[in-house]
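Enquirer: Copied straight from TrEMBL:
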COMPBIAS  249-258  compositional bias 'Polar residues'
DOMAIN    1-233  domain 'DUF7703'
REGION    249-293  region 'Disordered'
TRANSMEM  6-23  transmembrane segment
TRANSMEM  30-54  transmembrane segment
TRANSMEM  60-85  transmembrane segment
TRANSMEM  97-118  transmembrane segment
TRANSMEM  138-156  transmembrane segment
TRANSMEM  177-198  transmembrane segment
Amino acid sequence: MAAFLSIALYNVIELTFLVFGVFKKRNGLYFWSFVVATWGIAPHAVGFVLKFFQVTTLDLLSSAIVGIGWASMVMGQSLVLYSRLHLVIRDRSQTRWVLYMIIFNAVVLGIPLFVLAMGANSQHSARFLPGFLIYDKVQIVVICVQETIISIIYIYETVRLLGHDTSSNGRGPLQKLLRHLVFVNIVVLILDITLLAVQFSGNYEIQTTYKTAVYSIKLKIEFSVLNRLVSIVEHKDLFGNRGTPGNNTLSLGPWTQSRKTHLSTRSDRPGAFSKIEETDSSGHSGKDPFVRASGIHLDQGGALQAGVPASESRQL
């Protein structure tokens with residue numbers, strides 16, 4: 001129990017430094033959902049420290065802290081997953097229903113569970129405890145199903161994208177990113193399965209603290225996706241043969257400083273990534289690939305199209 005709480009609190013501290021160190025543009029749904037999910041872990045863990053170690057006799061106080069932390073942690077995690085769906089699905093209208101599902105479940109599950117939890121820790125706990133125990137299991141099942149749905153969407157769309165590309169035999173940086181997305185979402189599915197198993201084990205102290213640790217671990221895994229996105233923009237070893245850019249653009253703006261960065265797909269092979277481009281704040285593409293890595297087009301395996309001769313491109 002103490003080990004799970006310690007892991008969670010340590011991960012919160014580490015993730016806080018990592019998030020504010022990596023994000024240069026601190027706005028947008030991805031950034032704020034990541035921050036809310038990370039900081040929600042802290043009150044969830046602290047609330048159980050107060051409750052289980054009897055730091056305070058005010059059970060309502062510890063329950064309120066846990067409830068606020070749980071809502072932030074779970075809602076934030078789902079929004080983190082949703083906010084990067086555009087990496088594999090360009091048309092956001094196709095995934096809008098996912099956002100509605102998250103909001104609906106947050107309201108339908110979160111509010112009643114908070115009320116039941118407060119009642120179960122009040123002087124009239126006998127009236128609320130049976131309902132709380134049932135609803136607590138229901139909400140963790142629904143949340144796991146929700147995250148499973150999002151993960152399955154990722155896996156399906158990513159495999160479909162990989163199937164469109166045969167130009168680099170699956171060894172390009174963008175293919176590695178897509179495979180990493182599949183791996184991350186499979187790990188999330190496995191962690192959700194363990195959550196369900198622990199939830200129905202009947203050990204209240206273990207199941208509550210294990211949730212906190214698992215959600216902190218899932219966020220650290222999510223951070224690995226962010227690192228891959230940053231590496232696609234910044235690392236020089238992404239460049240290779242010449243390719244042709246397309247027109248279907250996916251924004252990576254939240255991970256750059258003053259320039260907007262985009263991934264694009266080739267028009268002749270729908271769904272296949274082929275372009276990375278940076279523009280400055282005025283919307284104009286940079287002209288110096290050696291200084292800004294601007295106007296760089298990647299064709300699946302790392303094809304370069306920057307107006308630079310092949311002999312010079314190897315210097316990048």
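Please read every residue number as a count from 1 along the shown chain.
Cβ from N, Cα, C; glycine included.
Predicted automatically and left uncurated, TrEMBL annotations should be read as such.
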Enquirer: At a threshold of under 8 Å on Cβ distances, which of 6-23, 30-54, 60-85, 97-118, 177-198 pairs most often with the transmembrane segment (138-156)?
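Expert: Result: 177-198.
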Enquirer: Are there residues at least 6 beyond the ends of the transmembrane segment (6-23) whose Cβ is under 8 Å from a Cβ of it, and what are they?
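Expert: 31, 34-35, 38-39, 41-42, 44-46, 209, 212-213, 215-217, 219-220, 223, 226-227, 230, 254-255.
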Enquirer: Mind checking which residues of the chain, 6+ beyond the ends of the transmembrane segment (60-85), have their Cβ under 8 Å from one of its Cβ atoms?
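Expert: Sequence-distant neighbours of the transmembrane segment (60-85): 28-30, 33-48, 50-51, 92, 95, 98-99, 102, 106, 110, 113-114, 117-118, 120-122, 143, 146-147, 150-151, 153-154, 188, 208, 211-212, 215, 218-219, 222, 225.
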